[in-house]
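These come from TrEMBL:
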- 27-60: repeat 'TPR' (REPEAT)
- 69-102: repeat 'TPR' (REPEAT)
Amino acid sequence: MAEAEAMYRRALEGYEKAWGPEHTSTLNTVNNLGVLYKDQGKMAEAEAMYRRALEGYEKAWGPEHRSTLNTVNNLGNFYKNQGKMAEAEAMYRRALKGKEKAWGPEHTSTLDMVNNLGVLYADQGKMAAAEA
């Protein structure tokens, strides 16, 4: 993990210097650092990276771009794992709405979000909502 973090940090510094803090390659590395920090249990750092990536993707590509919605989903997963169910549901619903609009209700990415919401509801004991 330490070696991975060092490599991501090196890449991030290089991308920021070469292309700036809002370039999509920079943001991909920011998102990857969020995943790594989550895996390391560094929750404040992980959330900051996810938020930074999300804001940058929204600005660069808009709210319904695949990378934007994947980061919204990452935040949903992050909040769910922390027991922040309301925040997780908000992120999952946002991702679902965006994916339905972008790709339609039958697309596998859309269905992944339906599944995430179902699991979230089941974890909360909301069985009727989970089944739906």
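Including glycine, each Cβ sits where the backbone N, Cα and C put it.
Just so you know, TrEMBL annotations are computer predictions that nobody has curated.
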On the DSSP side of things, how many residues of the repeat 'TPR' (69-102) fall into helix, strand and coil, could you say?
31 helix, 0 strand, 3 coil
Secondary structure content, the repeat 'TPR' (27-60) (per DSSP, counts of residues):
32 helix, 0 strand, 2 coil
